[in-house]
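Undergrad: According to TrEMBL:
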type     : residues : note
COMPBIAS : 182-193  : compositional bias 'Basic and acidic residues'
COMPBIAS : 200-217  : compositional bias 'Basic and acidic residues'
REGION   : 168-217  : region 'Disordered'
TRANSMEM : 41-61    : transmembrane segment
TRANSMEM : 67-92    : transmembrane segment
TRANSMEM : 104-129  : transmembrane segment
TRANSMEM : 135-157  : transmembrane segment
TRANSMEM : 297-316  : transmembrane segment
TRANSMEM : 322-342  : transmembrane segment
TRANSMEM : 349-366  : transmembrane segment
TRANSMEM : 378-398  : transmembrane segment
TRANSMEM : 418-440  : transmembrane segment
TRANSMEM : 470-490  : transmembrane segment
Amino acid sequence: MAWFGTNTSTKASYPDTSFFLFYALGCGFGKVNDAMDPRLVITSALLGAALLLVCLALADFGNVHDLGIFCLLWGLQACVQALAWPGCIAVLGEWFHSKRRAAVMGLWCVANNVGNLLGASVGEVAVAVAGDERWGAVLVANAILMLVVPAVVFLHLESFPPPPTVLDISPTSDPCQGASLEKGERKGARTRMDWQSGRAEGREGDREAPPDQDRRDTHFTVKAWDSSSPVVDDSLSSEEGSRTLLHPLLASDDEAFSSPVLTPRPSVLPPVGLARALCTPGVLEVGLSYACLKGGAYAFVFWLPTMLASGGWGLNAKQANAWAMLFDLGSILGSVAVGALAARVRRPIAVYFVSILGSTLPTYLLGRLSHEQQASRVLALLLLLVGFFSAAPQYLLVTSVAQDLGQSPDLKGSRRAIATMTGVVDGIGSLGAACVQFLVGHLARCTSEADAGVEGAARTHVTSCDLKKVYYFLTAIAFLGALMLSRLLLREVRSGAWRA
């Protein structure tokens, strides 16, 4: 904080603002996860972010205390880090079905808050070992963790689920044309199909051929599905028009026999551009709502210890850091509960809308009571409630909802674009978060005063802030975030689905 002079909060908001501006820039390149193996992108992004953290720590060890250099390196680290998030969401979108996606993503997002708690704990240990003035040690300790994770990701992450086997039914007039099986192999294929449909194994002739085609002219090929394409796709390619059916052991009777689908060759499908992604119905509303929620959530993450220490709660700096962890604990509980509820009622936008509104009252009360002596249990309850109601919709909008947008019917004829949509939504959210951090720094008006303390001891800084405006501002942007979802909410109530 010695870099920032007496007007602490205004200048302290500059690194946070630069972080999110560069992060938004990196999100624009998140679509690379749709063109490449996400495992490689995630690994490279984490390695790059860890190395940039080390470079930033070297500035401290070299006694280079320049705010411009700090903001630049901090922002570049965020830009590289931003490439990993869309890849993670894309991988999870490939593995989990949309019907249970909200519950799965709510559980998975717990990792975010666990990471916050782990990083804070590692930082406390690093400060205890290296001393209060060596903030670079905190960055080095966390960089070491970030160097371990890429190795685990590279060795063990499967970007796509195992490809199912499909039966390709290609009608031809000549049994010798096309990719066909020999008679014995064709008989074996029919044997498996008969077994799945409940017929006796080995019986031929029980299943009638289509009226316009003799059974002898139908040939079967067994092939593996391209892992980069969805299991069932109703798009049509002019270059390949064969009918494909899921292998009977991987599908229900209806899926296996009654609904052949036209499946494109994945290589001919064009990628989704950023302009088309932005024009997809629902993207702007979700992105703007996420901008409000992300800005508010990270304002709590970055500023809550300062706000608690300078309020009327009677907490010193270390106690404020410990109490701030209750926000993460509430976020963990809320992500699991709200995600499970959204998956169960099949009305995710309605659940997120109510959850966002639920966060406004405890946020307002924190501001109302910030300069009054209150019992510790009141503070604990309010922090838990704010984390519970605010974190879940923020996480699920950029995970579960972004995954559904990436598989929207409006993108018919293009590759699945989960990473692209996640990058767009997260990029819009990061721009909003950058604005919020800048405004919070100006509204807080924190100032630092030197305190000599005991003669010969190191000087500390007592910070005072104007907190009511900050809490009221965070309450207002939460309302705005809920308002951005109102059109999607009305559509969901009327039609039962939030998509256009």
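Please read every residue number as a count from 1 along the shown chain.
Glycine is no exception: its Cβ is also placed from the backbone N, Cα and C atoms.
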Undergrad: For the transmembrane segment (378-398) and the transmembrane segment (322-342), decide whether they are in contact, meaning at least 3 CB pairs lie under 8 A, counting pairs 6 or more apart in sequence.
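TA: Between the transmembrane segment (322-342) and the transmembrane segment (378-398), which are separate recorded stretches, there is contact, as judged by 3 or more close Cβ pairs.
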Undergrad: Checking distant contacts: for the transmembrane segment (135-157), what same-chain residues at least six beyond its ends satisfy Cβ-Cβ under 8 A?
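TA: Tertiary neighbours of the transmembrane segment (135-157) are 39-40, 42-44, 46-47, 49-51, 53-54, 56-61, 91, 118-119, 122-123, 125-127, 129.
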Undergrad: Is the number of Cβ-Cβ pairs under 8 Å between the transmembrane segment (470-490) and the transmembrane segment (349-366) three or more, considering only pairs separated by 6 or more positions?
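TA: Contact criterion met.
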Undergrad: Sort out the residues at least 6 away from either end of the transmembrane segment (104-129), same chain, that have Cβ-Cβ distances under 8 Å to it, and list them.
TA: 92, 96, 135, 137-138, 140-142, 145, 301, 321, 325, 328-329, 331-332, 335-340, 342-343, 391-392, 395-396, 399-400, 403
Undergrad: With Cβ-Cβ distances below 8 Å as the criterion, list the same-chain residues six or more beyond the ends of the transmembrane segment (322-342) that contact it, or say none.
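TA: Apart from its flanks, the transmembrane segment (322-342) reaches 102-107, 109-110, 112-114, 116-117, 120, 300-301, 304-305, 308, 313, 315, 348, 351-352, 355, 379-380, 383-393, 395-396, 400.
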Undergrad: Counting only residues 6+ away from its ends, which parts of the chain sit with a Cβ under 8 Å from the transmembrane segment (67-92)?
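TA: Contacts with the transmembrane segment (67-92): 3-4, 11, 14-15, 18-27, 29-34, 38-39, 41-42, 44-46, 48-49, 52-53, 55-56, 59, 104-105, 108, 157, 159-160, 398-399, 402-403, 406, 418-420, 422-423, 426, 430.
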